[in-house]
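A.B. asks: Please find one structure pasted underneath; my questions will follow.
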C-alpha cells in the first residue's frame with residue numbers, strides 16, 4: 001500500500017473512531033494543546049519543590065503513606081485547605097471515622113463546605129468515591145485510609161474467618177473504574193495508606209503498604225512521610241521534624257526529599273520551611289543566631305524569625321515567590337506580576353469540568369454502534 005493510501009486509511013479510521021466514540025477519543029499528539037500541569041499546593045514550599053511541578057498534580061491518583069503519627073492526615077488536610085482557598089470543591093471519605101473537625105479548622109479547612117462521608121464498608125466507600133468523581137464537580141477527594149476500607153464480607157463474617165486478597169481485589173477493581181474519570185474531570189484522589197511488615201524478610205525493607213499492588217501502579221505520585229525528630233521548647237514537645245520522600249513521580253523526576261516542621265495544633269509550619277529554604281538558596285542570611293532578609297532583621301533564633309514572617313505574610317509570600325522562581329517551580333512567567341500568594345491559583349477548579357458518564361453496558365454500546373452505522 002502506497003504512503004498516501006496508508007495515510008488515507010488512517011484518516012478514515014480516525015474519523016470512524018471519532019464518530020463512534022466521540023470527539024477527542026483519538027488524536028495526534030501535535031493536535032493536543034500543551035497546557036501546564038495544574039496543581040494543588042501542599043502547604044510546604046519544600047515539598048512543592050520536591051514534587052517538581054509546585055504541588056500535587058490534578059486529575060491523578062496520589063498515595064501518601066507512612067508510620068503512625070507521621071503527619072499523613074495533616075499533610076492531606078493542608079492540600080484540602082489550599083484547594084478550597086482556590087475555590088474548589090473537596091470531599092473527604094473518612095473510612096477510619098477519626099477526622100477531627102476542630103483540628104481541620106485550625107489548618108485552614110472550611111469544614112462547613114467540606115463534603116464528608118463516613119461509610120460502613122469498603123464497597124460503599126469506593127462506590128461513593130466513583131459517584132462523586134463522575135459528577136465532575138470535585139477538585140479533590142481524600143480517602144482516609146486504604147487500610148480501613150474493609151470489604152463487606154469481612155464485616156459480616158466471623159472474627160476468625162480468612163478473606164485472603166479480598167481487599168486487594170476491591171482496590172484493583174475500584175482503581176480501574178475511577179482512574180479515567182479522574183483524568184477527565186481533573187479531580188485529584190489522595191489515598192492515605194498505612195504500613196505493615198512482611199514476615200520472614202531477611203534482606204531489604206520488610207515494610208509494605210496495605211491494599212495490594214494496584215495502588216502502587218495506578219498512583220502518579222507516592223509520598224513516603226516519616227517523623228525524624230521531635231521539636232522541643234525547653235523540655236516540652238511542640239512538634240515534629242518531618243521528612244517526605246517522593247518515592248514515585250510520573251510528572252517530574254522522582255526520589256527527591258523535603259523536610260519541614262509540623263507543629264502540634266498548627267500543622268505544617270510554612271514560615272519555618274521558608275526560612276530553611278531561604279537560607280539554603282541565599283535569600284535569607286544567617287549570622288550566628290540572627291536571620292536577615294535584604295538587610296532587614298527577621299529575628300534572633302528560628303522561632304522569632306518564624307513568628308516575624310507569620311506577622312508579615314506579604315514578606316513571606318515575597319520570599320516564597322523568589323525561591324520558586326529560582327528553582328523554576330510553581331510560578332509561570334506570566335504570573336510574575338500577580339499579587340503575592342497568587343500561586344495557589346494554579347489549583348483553581350476547572351470552570352466546566354464535564355460530568356463523566358457511568359460505564360455503559362454492552363447492550364448500550366451495541367445500540368450506539370448501530371446508530372453510528374445508520
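The count begins at 1 with the first shown residue.
Using N, Cα and C of the backbone, Cβ positions are placed for all residues, glycine too.
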A.B. asks: Give the range, chosen from 279-326, 327-374, that Swiss-Prot lists as region 'Disordered'.
C.D. replies: 327-374
A.B. asks: So for residue 68 (ATP binding site), how many other CB atoms are inside 10 Å of its CB?
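C.D. replies: The answer is 8 other Cβ atoms.
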A.B. asks: In sequence order, which same-chain residues at least six apart have a C-beta under 8 angstroms from residue 71 (ATP binding site)?
C.D. replies: 225, 227, 240, 242, 262, 268
A.B. asks: In sequence order, which residues at least six apart in the same chain have a CB under 8 Å from the CB of residue 67 (ATP binding site)?
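C.D. replies: 195, 226, 227 - these are the non-local Cβ neighbours of residue 67 (ATP binding site), listed in sequence order.
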